[in-house]
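Report on the following structure.
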Amino acid sequence: MSVPVLRVRRLGLVGYAEALGVQGRYVRELKAGGEAGSPGGALLLCEHPAVYTVGVRRGRYPGEEEARLRGLGADFQRTDRGGLITFHGPGQLVCYPVLHLGALRRSLRSYVCGLESAVIRLCRGLGLPGERQPDTGVWVRGNKICAIGVHCARHITSHGLALNCNTDLGWFGHIVPCGIVGKGVTSLTQELGRQVTIDDIIAPFLEAFEEEFQCQLVPEQNPEQNPVQNRPDRDAGPL
């Protein structure tokens, strides 16, 4: 049985709405069957300027709440992903897998569990006790380090996960993250007691993703059309 081949594209620091547009192009490509000979999906890696996002249960966040959060200096976006409110900002690795679940031989539930497992692998490789809890995401010592919220239509996924590397956690203090009362948030930097950047984490994250989903990740093959930073060969050193 062949191993799924997925592209990796690094978008860098990009606005949330712009990243949604990029996801949409990859989703449309998969729905159309893709170009002849092209890999069947992609992982889009990025970080965002400060933005609060809410999922499909957006009724809990009226215009007054949106105005309050915008007043802090952040953007505010309403989306079609699962889950409630969360924060994205610099120092947070965001991964948007645009994949066909059939190619991965996974149900939606198994896919979400796989995202959790990949991040848990990463955390444990760093010596951190990453774990699941009844609420979706990855937790370290009772605090959420990675939020997960996905959308799936016609077996094609979008949205994904956000892993706190050296994020300013103060932004989370203005909301109830993911609607979970009484739970805190944390970051790799806070847990390890040293600065951990996105560039430090991308390579081990991609390795953990490959191991969990039994796939092959390759750099985007058209950098002139998609001017982003792609993943180097593993022997080339850290990103």
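Residue positions begin at 1 at the first shown residue.
Each Cβ is built from the backbone N, Cα and C atoms, and glycine gets one as well.
The substrate binding site annotation in Swiss-Prot covers R81, G82, G83, L84, I85, T86, F87, H88, A147, I148, G149, G160, L161, A162 and is backed by similarity to another entry. Using a 10 Å Cβ-Cβ cutoff, I85 (substrate binding site) registers 22 neighbours.
The domain 'BPL/LPL catalytic' annotation in Swiss-Prot covers 37-217.
Annotation comment: Swiss-Prot describes K144 as site 'Lowers pKa of active site Cys', evidence class similarity to another entry. K144 (site 'Lowers pKa of active site Cys') has a Cβ environment of 23 other Cβ atoms inside 10 Å.
The list of residues near the transit peptide (1-18) in space but at least 6 beyond its ends in sequence, with Cβ under 8 angstroms from a Cβ of it, reads 39-49, 51, 53, 75, 77, 88, 90, 97, 99, 103-104, 202, 206, 213-221, 226, 228-231. What Swiss-Prot lists as transit peptide is 1-18, and the listing cites sequence analysis.
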- Note on the structure: CB neighbours within 10 A of G83 (substrate binding site), counting all protein chains shown, number 22
- Note on the structure: Between the C-alpha atoms of G83 (substrate binding site) and K144 (site 'Lowers pKa of active site Cys'), the distance in angstrom, to the nearest integer, is 14
- Task: Just name the most isolated of the binding-site residues R81, A147, G149, L161, going by other Cβ atoms within 10 Å of its Cβ.
- Result: R81
- How far apart, in Å, are the two Cα atoms that lie farthest from each other among R81, G82, G83, L84, I85, T86, F87, H88, A147, I148, G149, G160, L161, A162, the residues recorded as binding substrate? 15
- Item | Predicted model, mean pLDDT over the domain 'BPL/LPL catalytic' (37-217) | 92
- Task: Would you mind listing, in sequence order, the residues at least six apart from F87 (substrate binding site) in the same chain with a Cβ closer than 8 Å to its Cβ?
- Result: A50, V51, Y52, T53, A74, W171, F172, I175, P177
